Amino acid sequence: MAKLLKFSDESRAALERGMNALADAVRVTIGPRGRNVVLEKSFGAPDIVNDGDTIAKEIDLEDPFENIGAKLIQQVASKTKDKAGDGTTTATVLAQAMVEEGLRNTAAGASPIELRRGMEKAVALIVKGLGERSQSVSGDAIRQVATVSAGGDDEVGRMVAEAMDKVTVDGVITVEESKSLATELEVTEGMAFDRGYSSPYFVTDGDRQICEFENALLLLTDRKISAVADLVPVLETVQKTGSPLVILAEEVDGEALATLVVNKNRGVLQVAAVRAPSFGERRKAALADIAILTGGTVISEDRAMTLDKVTLEDLGRARRITISKEETTIVASEDSRDAVAERVASIRRELENSDSEYDREKLNERIAKLAGGVAVIKVGAPTETELKNRKLRIEDALNATRAAVEEGIVAGGGSTLIQLAGSLDGLANQLHGDQRTGVEIVHRALSAPLRQIAINAGANGDVVVEQVQRSGQGFNALTGGYENLLEAGILDAAKVVRLGLQDAVSIASLLITTEVVVADKPEPPAAPAPGGDPMGGMGGMGGMGGMGMPGMM
């Protein structure tokens, strides 16, 4: 494909236009009085959302150079979301402010490399200050963090705190759509383990990059599956039931994995493969735990069982299974409660008789996974559009709360960044030239989140920033007043603030040091076919050869 090139200031200007287009769409959502963004969908009703990462993913610009700038800022949102689960809008606003200041200085002749060095030194100092200011979180602070992350929705904050109280902070909490209008919390049997899907082609939700099945069957085995012949009988049996199938095995690869992917993508069977957790004897124990939870049987070489003799009675059953790239969560039915209790009692007896510290640790982990259960927040709303938006808010609140438990909390509303900005004055005095300018770029950018929160609340952003700097208090966007935000319960997770700042500087420093941009030349639109048929008469799509699975392909 032919390429287009832009150089020097022209290239950076194009990237900045693209960045601003995306950032301006995202920044209106920040704060408790942030606005919504309407996203047109190819099918169905449009989505009305308030989530920065979701908005960023939807934006594609017509100009290829501007689109590259937009995609660079998209990376800020997605990286922050992946690592912290929240703070995407803050990271985007910070990155935009740093890029604008950085490009203004490079256009005036500053060295991009020296600017970057100064910016990195400034961020290192701010991160250190965040660590010193952060406070551990417990009790009502968990509810407050969740409430702030959910845009001031106190019901969401209360529900997240209640879920964490019931299954502990380390427990499994999932979010699903309710069949009623009410949002409810339910604690059920279930477990999660750190293994994801064997192939990304099993994904059923492209936006969240997860595979999710309701009322699924589970095939549990400690064998490695490579030959498709081993799976043909059970696949044909499951296909007749119409239920999804999840295969937990030592490994599924080769011809077997390829066949599962093809059948899933053709819509023949809802299926996914996951590597069984742990290793060796501990893997067998983990599979046995999952079998108890789901009412299934482990197809094991130790018991001389073969895959081609598997029946429906051997398969486990789960109310819902969610599989991400790195984790699998199984929500079981209520029928397994007694069996799980017996299994936990058995493991406790084994724990009492164990002298090995390592073995005791692993046994305690198994007990926690089985006994802890899964808290399910069932989200209800009058319309599908509102339901999707509310579900995103709850997921953000959950992620922010987990981040707060990890690294503590700081005052929210952008006030902590403003207060830490003062610590950069000493660093700036130690540096000279463009490195000092880099520190000043970060100093000015740190006020951008608070300024935008104030603007979204209908206040004058510059006046609010000046008042917060002078008074040392924070701006409460809900009331329009100034107060101690820690005491008011307006809190941010320190991890979210830290990652948002670090990711913003990372992308901003890359963008201001760019000298050449290479983009694909857009393909000209195809001319309509002659003869009056705009489709040109599509030829038949030749059938794909079977893969040795009668009745499946």
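Yeah, the Cβs are placed from backbone N, Cα and C, and that goes for glycine too.
Because the structure is a prediction, the values reported are computed rather than measured.
The feature ATP binding site is assigned by Swiss-Prot to T29, I30, G31, P32, D86, G87, T88, T89, T90, G413, N476, A477, L478, D492. Sequence-distant neighbours of T29 (ATP binding site): residues of the same chain at least 6 apart with a C-beta under 8 Å from its C-beta are R35, N36, V37, N50, D51, G52, I55, T89, N456. According to DSSP, T29 (ATP binding site) sits in a coil region rather than a helix or strand.
Summarising the annotation, Swiss-Prot assigns compositional bias 'Gly residues' to 533-542.
Annotation source Swiss-Prot lists region 'Disordered' at 521-542.
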The one of T90, N476 whose CB sees the fewest other CB atoms within 10 Å, among these binding-site residues: N476
Cβ neighbour count (within 10 Å, all chains shown) around D86 (ATP binding site): 32
Number of other Cβ atoms within 10 Å of the Cβ of T88 (ATP binding site) across all protein chains: 30
Other CB atoms within 10 A, centred on L478 (ATP binding site): 13
Cβ neighbour count within 10 Å of G31 (ATP binding site): 27
